[in-house]
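Asker: Please find one structure pasted underneath; my questions will follow.
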Amino acid sequence: MAITGTIAAIATAIVPQQGSVGIVRVSGSQAIAIAQTLFDAPGKQVWESHRILYGYIRHPQTRQIVDEALLLLMKAPRSYTREDVVEFHCHGGIIAVQQVLQLCLESGARLAQPGEFTLRAFLNGRLDLTQAESIADLVGARSPQAAQTALAGLQGKLAHPIRQLRANCLDILAEIEARIDFEEDLPPLDDEAIISDIENIAAEISQLLATKDKGELLRTGLKVAIVGRPNVGKSSLLNAWSQSDRAIVTDLPGTTRDVVESQLVVGGIPVQVLDTAGIRETSDQVEKIGVERSRQAANTADLVLLTIDAATGWTTGDQEIYEQVKHRPLILVMNKIDLVEKQLITSLEYPENITQIVHTAAAQKQGIDSLETAILEIVQTGKVQAADMDLAINQRQAAALTQAKMSLEQVQATITQQLPLDFWTIDLRGAIQALGEITGEEVTESVLDRIFSRFCIGK
């Protein structure tokens with residue numbers, strides 16, 4: 001994949017009438033020339049690398065001032081892309097940054113593709129592919145723990161073990177190929193030692209694969225649906241949990257007509273909480289739509305909080321809803337326990353195969369900590385700490401690791417079957433290639449396109 005031209009893009013979020021600063025980034029061989037054409041730095045300011053200049057951005061023909069700005073100059077290779085890079089730090093909003101970007105394009109730059117700045121950093125050797133993916137994860141992080149995990153990946157915490165595993169495979173391959181080329185000059189291979197080495201590599205791959213589910217939780221979060229009969233306190237539960245009045249709460253059944261969402265973080269995991277309409281038979285057409293959306297939310301959720309009224313106990317309505325959601329991971333929330341005598345709470349009946357039960361008094365904001373603990377237990381993560389999550393692979397990396405492990409298992413089978421040495425090398429090369437795809441040492445252009453299309457244009 002070739003690097004062509006000088007690229008430019010807006011590097012900050014564009015929000016109308018918001019944001020005090022907007023940045024236009026330019027990278028490539030013509031970046032400094034474009035900056036010198038557009039930027040007027042008064043006085044005796046020196047155009048040196050890694051200095052900030054103050055001045056005015058002017059139209060190159062009319063010399064009309066477009067914006068008062070700062071210019072950051074970074075000469076190759078000491079820049080994000082390892083090319084010459086300039087950044088115009090303009091006033092925020094839409095107009096100024098769009099005008100500056102347009103002047104850059106008219107002066108010889110082209111609009112950057114999504115992720116092209118990071119792609120150039122990868123192609124120029126500043127980042128490997130795991131670090132590039134970690135940048136996207138860091139930008140999109142939805143919790144402090146997710147950001148910390150992404151930062152660990154950016155610092156090479158994943159790349160290092162992958163490179164070591166690949167190097168170990170290359171060492172084994174070199175031993176085998178040496179016997180193929182110089183069989184008469186070298187002692188025979190120790191089959192058992194090679195199998196042992198391969199088993200050790202496969203075991204380390206398995207350890208990396210075990211981080212996939214935790215990584216996905218940190219990246220995509222957990223979707224939790226609160227379901228139950230009308231007026232059991234679902235909206236009160238959402239409000240108490242989110243510490244806000246996200247949902248309307250009344251004593252009238254059917255108040256919630258649509259799905260209400262709230263974004264939370266539980267034990268480092270981003271959680272999307274869905275407060276749904278009470279599920280019941282109704283002739284109200286609007287409420288019917290809400291009930292159907294409740295069922296859809298329950299069927300697509302990662303976890304269902306089946307909420308019941310402890311004051312009325314388990315009803316036929318609760319049983320009907322339970323039959324609809326029992327195939328999903330489920331926590332039974334016994335709400336309104338403040339309305340029930342303490343000695344009666346433990347005698348409340350419910351289906352025997354429900355193993356996770358939480359007692360809450362949502363209107364009094366009681367039981368939320370117990371609910372969060374139960375959620376962390378049911379997703380089998382425990383309290384996620386940043387130190388536990390230094391390694392967390394994504395789906396692409398997991399697929400490559402799985403392929404590498406399968407190839408190594410095939411090498412073991414080939415050795416056990418006492419096939420010729422040439423056969424040993426075939427699957428070993430497959431494992432080496434799969435590991436190389438993770439860091440980018442062996443990767444196709446289509447894979448790069450797919451990875452970097454996730455990025456915003458200015459990154």
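Quick reminder: no glycine exception, Cβ is built from N, Cα and C everywhere.
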Asker: From the candidates Glu48, Glu68, Glu83, Glu87, give the one listed by Swiss-Prot for the same (6S)-5-formyl-5,6,7,8-tetrahydrofolate site as Arg25, Arg126, Lys459.
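Answerer: Candidate in the recorded (6S)-5-formyl-5,6,7,8-tetrahydrofolate site: Glu87.
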Asker: Non-local Cβ contacts of Arg25 ((6S)-5-formyl-5,6,7,8-tetrahydrofolate binding site) (under 8 Å, 6 or more apart, same chain)?
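Answerer: Arg25 ((6S)-5-formyl-5,6,7,8-tetrahydrofolate binding site) has long-range Cβ partners Ala8, Ala9, Ile10, Ala11, Val85, Val86, Glu87, Ala112, Phe117, Gly458.
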Asker: For Ser235 (Mg(2+) binding site), which of the listed binding-site residues (Arg126, Ala277, Lys459) have their CA atom within 10 A of its CA?
Answerer: Ala277
Asker: Give the helix, strand or coil assignment DSSP yields for Arg25 ((6S)-5-formyl-5,6,7,8-tetrahydrofolate binding site).
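Answerer: Where Arg25 ((6S)-5-formyl-5,6,7,8-tetrahydrofolate binding site) sits, the three-state DSSP reduction gives strand.
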Asker: In which DSSP state, out of helix, strand and coil, do we find Ser235 (Mg(2+) binding site)?
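Answerer: Where Ser235 (Mg(2+) binding site) sits, the three-state DSSP reduction gives helix.
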Asker: Sorry to bug you, but what's the C-alpha spacing from Ala277 (GTP binding site) to Lys459 ((6S)-5-formyl-5,6,7,8-tetrahydrofolate binding site), rounded to the closest Å?
Answerer: 41
Asker: On a simple 10 Å Cβ count over all chains shown, which one of the binding-site residues Asn231, Ser235 is most densely packed?
Answerer: Ser235
